[in-house]
Ligand SMILES: C[C@@](CO)(OP(=O)(O)O)[C@H](O)COP(=O)(O)OP(=O)(O)OC[C@H]1O[C@@H](n2ccc(N)nc2=O)[C@H](O)[C@@H]1O
Ligand SMILES: Nc1ncnc2c1ncn2[C@@H]1O[C@H](COP(=O)(O)OP(=O)(O)O)[C@@H](O)[C@H]1O
């Protein structure tokens, strides 16, 4: 028997970042939106823990016990006093190290796949606690849809979404390290008063009412300046998407993937074609949001 779970990528429609905490993390008001780009994680019985990976960027994914999917399997096995003897295969479609939470998606997917394969029927609250222990973004990858994440992003409140949003994602050449981008944020804000992060009421209303123009007006990412500082060429990608008719353009999370909100499906295809033709990205993907969280196929 094998179990395959599909898990979505995310874009942060608002990422408000406060001053660094004593534990090295930053307090956030993180408005997550799951988008329809997916990894699939398949769990199969095996003699020992083994991870394989296929798809774009898979050569950059570690296959040892540092892989977030492997860590998820180990954490679940420990909870139930089992050995984590499982073969996890990750079929990647989410850009690696791209600011779209691909590793977090794989962790959430592996957790659900192993829970079903092993018949451990772990209560949802316990699964979410394991997710939070694995990484700040992992609980959201599990639940999907849209949610406000506070604390370091792991404390979630689900958000209502009143419509569909059409996105384009420009995949950059190479990745950006999340800790490096937070470090650059600290450098750029040193000596300034960083306000307490708070979710924007206008943005939450835009999500609830499915108002694309209002969502476009409210998009914000406090890590964008840091990502652009580390990768100045992203400014040109953002400009090309805007020129092609995107309603708004921003860096996705810690980058370097850039995200473009379009009016409708046709607009999204136009923006994707223009981005590819501009040569400022290696791939341009269209995706609809919101997408569901981890689901068994
Ligand atoms: C920036 C965001 C936005 O959603 O995602 P990406 O765009 O990278 O996908 C997240 O905050 C990334 O979350 P995640 O990738 O799960 O981070 P973690 O594994 O928990 O932490 C990795 C490192 O990022 C930094 N970090 C993470 C979260 C946070 N609130 N403050 C931080 O300073 C810390 O340096 C930490 O050691
Ligand atoms: N299953 C996984 N998929 C992708 N990256 C992983 C995975 N497990 C660990 N990693 C490591 O996490 C880093 C961040 O990857 P990823 O989650 O794709 O990006 P981001 O944090 O920007 O959303 C990668 O460079 C890789 O070394």
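Yeah, the Cβs are placed from backbone N, Cα and C, and that goes for glycine too.
These numbers come from a predicted model, not from an experiment.
As given in TrEMBL:
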{"type": "ACT_SITE", "residues": "10", "note": "active site"}
{"type": "DOMAIN", "residues": "67-145", "note": "domain 'GHMP kinase N-terminal'"}
{"type": "BINDING", "residues": "95, 96, 97, 98, 99, 100, 101, 102, 103, 104, 105", "note": "ATP binding site"}
{"type": "ACT_SITE", "residues": "137", "note": "active site"}
{"type": "DOMAIN", "residues": "204-277", "note": "domain 'GHMP kinase C-terminal'"}
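Only 101, of the recorded positions 10, 95, 101, 105, 137, place a Cβ under 6 Å from an atom of ligand 2. Across the structure, residue 137 (active site) and residue 101 (ATP binding site) place their CA atoms 7 angstrom apart. If you take the Cα of residue 10 (active site) and the Cα of residue 101 (ATP binding site), they are about 6 angstrom apart, rounded to a whole number. Here the binding-site residues are 97, 105, and the one ringed by the most other CB atoms within 10 angstroms is 105. Counting residues of the domain 'GHMP kinase C-terminal' (204-277) by DSSP class, helix then strand then coil, yields 43 helix, 11 strand, 20 coil. Across the domain 'GHMP kinase N-terminal' (67-145), DSSP classifies residues as 46 helix, 7 strand, 26 coil.
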